[in-house]
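Asker: Pasting a structure below so you can have a look.
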Amino acid sequence: MLPVEVPPSHLGPPILLLLQLLLPPTSAFFPNIWSLLAAPGSITHQDLSEEAALNVTLELLLEWPPPGRPRLRLEDYRGRTLLADDIFAAYFGPGFSSRRFRAALGEVSRANAAQDFLPASKDNPDLHFDAERLVQGRTHLVGALRETLVAARALEYALARQRLGAALHALQDFYSHSNWVELGERQPHPHLLWPRQELWSLAQAERKMLVGDPTCSDCEGLSCPGNMLDSTLLTSGYFGMFPPKPPGKCSHGGRFDPSSSQPPRGGINKDSTSPSFSPHHKLHLQAAEVALLASIEALSLLRSRLGDRGFSRLLDITPASSLSFVLDTTGSMGEEINAAKIQARRIVEQRRGSPMEPVLYILVPFHDPGFGPVFTTSDPDSFWQKLNEIHALGGGDEPEMCLSALELALLHTPPLSDIFVFTDASPKDAFLTNRVESLAQERRCRVTFLVTEDPSRARGRGRREALSPLRFEPYEAIAQASGGEVIFTKDQHIRDVAAIVGESTAGLVTLPLEPSVFTAGEPRAFAVDSLLRQVTVRMHGDISSFRIKSPAGVSQGPEEGTGPLGHTRRFGQFWTVTMTDPPQTGTWEIQVAAEGTPRVRVQAQTSLDFLFHFGIPVEDGPHPGLYPLTQPVAGLQTQLLAEVTGLISRQKLVDGQPQFSHVVLRRVPEGTHLGQVSLEPVGPPERGLLAAPLPPTLLSFSAPFSVELVGQDGEGRGLRRTAPQLCNVAPVLLELSGPADFLTPGSKAPLSLHIASFSGSQDLDLKTSVSPSFSLTSNLSRARLGLNESAWGRLWLEIPDSAAPDSVVTVTVTAVGQGASQVPPTHAFLRLLVLAPASQLDGLEAPTHAAAPVPPPATPALLPSTLVTQGRAGRGMVGKAWWGTVGGVLFLLGYTSW
Ligand SMILES: *[C@@H]1O[C@H](CO)[C@@H](O)[C@H](O)[C@H]1NC(C)=O
Ligand SMILES: *[C@@H]1O[C@H](CO)[C@@H](O)[C@H](O)[C@H]1NC(C)=O
Ligand SMILES: *[C@@H]1O[C@H](CO)[C@@H](O)[C@H](O)[C@H]1NC(C)=O
């Protein structure tokens, strides 16, 4: 069964100190680029995963000639470091954003690194090929790869990438922890991905009552080149005290491994180039080379199983984003539903076969009191058909279950997508606001609400006059937190206003306005740099007039049509002005005269943008690196990591590369300056990774803030990019992790919950929820924490026999302050896969034909897949799943061999 996730040192008192929770993990290779501070020149898990993914991506693109562009040539890439932006620019052409691809690689790398940090995985020897648990290690490795496949086939790509990260971690660990390289091997283990094949002659951990095969001799120094006994048995090192090292066995080694001071002293790990961490540091590069080959093999295997299209979706090898609609289907919504249909059709027609063709289409209808199911498809025609089946269904009254539907959409929409909500009602489920905000921030999805408010509907909707003017506040909050907006319009304009759906692409950035808050009569400024195109100003509200002024002093007013600066369109109270390309660089101004507060937003197309995430540097312990965090935590020294996209692949640059030098942090919504920190490159500059420590003042209490990168474009002019989503400082660290094994119907799975405070005492209630509503029990419902204290909880999730196989369960834990506490809620989301018992077997089957782990690539599954997931609480079954013919054949193949 499942191993104990919580290491024995944590089984004692539930309250522990900080040092213990960041205690040394046991794993191989260093986790990420941050680790290079401790051991420069080492190759990390992140390097191996990204390089392998780029290799297989390039292999795939080499076989598919880009539409209307010259085929890529392998010669152009030989002997060069592969870079995502280079490959993208060469394949799709300049100007197409690699953001989502880079983000997908980042998801895989962070999930990989998290194996070294998460309580459920860091100390489990089975997940790291430690302690001679090689057979168990392989079972887990194959299990994680199989979960990747199942999740990808269920169009759950975010989850698939997480499982892929875990699988690659284990796979790479094998080469650093075992003596494979010491045995003289230079190629990946041929049977590591095939559990029915014999692994090797394994050293026995122990024989009945007797000691097992001795494998190491005593080594006194840091470096232990000759400490392996002369043997052809495959073995791996023991770390720490659990399980204890039997006599004669090798240790992992390094100054943080207590077992390595017990005879035989020393160790065998090849994690890094540093002797103080890795007794076999001299073999580090060799181990890394084989681990890279093995990672390439594993990814190629996934490619052959998923087909090229499925594999492209797994790694988001596309500049396009998804199309995700949340549609109110009550009786009054006919016009809006039509508008959504028209937009969908336009997008499908205009983009079919082009790089911007959406990868996935997601639709979540809601109609008081119900919502869902989620309809997900990669086939534009199915989507179109589904939309056409939707009709306004009469009935329904203000308010509606809009946020429940939106939450469902967020759970099924790939990260970095736009979600459009069409409704004319306020939410009935406003209690979900904070959770949906958090989820949108975590998924980095922008949510835009198109709200048609029409007084003439009073009849249909009833009670309109009694409605609170604040009823749309939850939409405002979610739009702001996610970087989207709320657009109020009227029935007769919704079709035109909905055109913004088609204008949104992955390469769209929002330009910050200065000042960020509107004051009547005051102009607001925005900066245009040389890398922006299609600069568009969007305004709505009770606007009587406006004026836009270019840096040269040319101005344009509200006249419709083409003016000196660009083209103006107006639909009722909604205006858009699109500047003629190329826009003049420099500071532009906009002044709006309006009743109340007009909404103004400036957007532009660019491939120069950035992705960001957070982490805590862990410099102590055997595997120093950056502990990935979804958001900064109050009182915990946190690093911001920015990944610049579109940097290398720019068209011919005469004046050099654009560069970001600082990050500016502001309080939201006031716009007050919270500090400016310089950005330092981490790792090789061409990778565009920059880090900045967040200022302690920002981290002293929990509140939202915005992140803006500042630098210079190639011409020495100012360059600014703002993250679309707001960030929050969480009051506490809340971590939820699942079992190392997948779940099956009829099983009960332990989850581990960890909560810690670094900013003073907290008295918190812990609430849980599960979608679909399976039974969940927890032994931690309240946590009283002092400064630097943490508590551990155990949750049991029961998967009923009736659970749909190959479906996803989402568990949410929310920590809220007791009583009148001002502490904002903190959420942790965990997504887990339920596998059919039958599919437990499919991967355990050895290939009957060959020993080679990589079979010849199967025909790419070019047919799309569609899935309907019931979203109503209490059900959550897969209603209907069908696969394209080729996909279906591959799916069946999966059962017979892999
Ligand atoms: C991928 O890696 C393999 C093994 O190192 C190599 O033979 C192949 O040329 C690489 N492919 C590309 C496109 O770099
Ligand atoms: C809490 O932890 C921080 C960071 O490790 C440390 O600097 C501080 O002294 C600790 N405070 C207490 C009261 O233990
Ligand atoms: C909950 O159970 C786990 C595992 O049995 C244990 O480690 C933890 O201390 C328990 N927490 C509480 C608050 O009882």
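Here the Cβ of each residue, glycine as well, is placed from N, Cα and C on the backbone.
No curator has checked TrEMBL annotations; they are predicted automatically.
So TrEMBL says this about it:
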DOMAIN    84-311  domain 'VWA7 N-terminal'
DOMAIN    322-490  domain 'Hemicentin-1-like von Willebrand factor A'
DOMAIN    515-606  domain 'Hemicentin/VWA7 galactose-binding'
DOMAIN    609-727  domain 'VWA7 beta-sandwich'
DOMAIN    733-836  domain 'VWA7 Ig-like'
REGION    249-279  region 'Disordered'
REGION    548-567  region 'Disordered'
SIGNAL    1-28  signal peptide
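Give me the local environment of each listed feature.
Answerer: When pLDDT is averaged over the domain 'VWA7 N-terminal' (84-311), the result is 92.
Among residues of the same chain six or more beyond the region 'Disordered' (249-279), those with a C-beta under 8 A of the stretch's C-beta atoms are 24, 26, 28-30, 35, 38-42, 130, 132, 175-177, 179, 181-182, 205, 212, 214-224, 227-228, 235-241, 285-288, 620-623.
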Asker: Same chain only, please: residues at least 6 beyond the ends of the region 'Disordered' (548-567) with a C-beta under 8 Å from a C-beta of the stretch. Say none if there are none.
Answerer: 523, 528, 535, 537, 575, 577-580, 583-591
Asker: Please count the residues of the domain 'Hemicentin/VWA7 galactose-binding' (515-606) that DSSP assigns to helix (H, G, I), strand (E, B) and coil.
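Answerer: Result for the domain 'Hemicentin/VWA7 galactose-binding' (515-606), in helix, strand, coil order: 0 helix, 58 strand, 34 coil.
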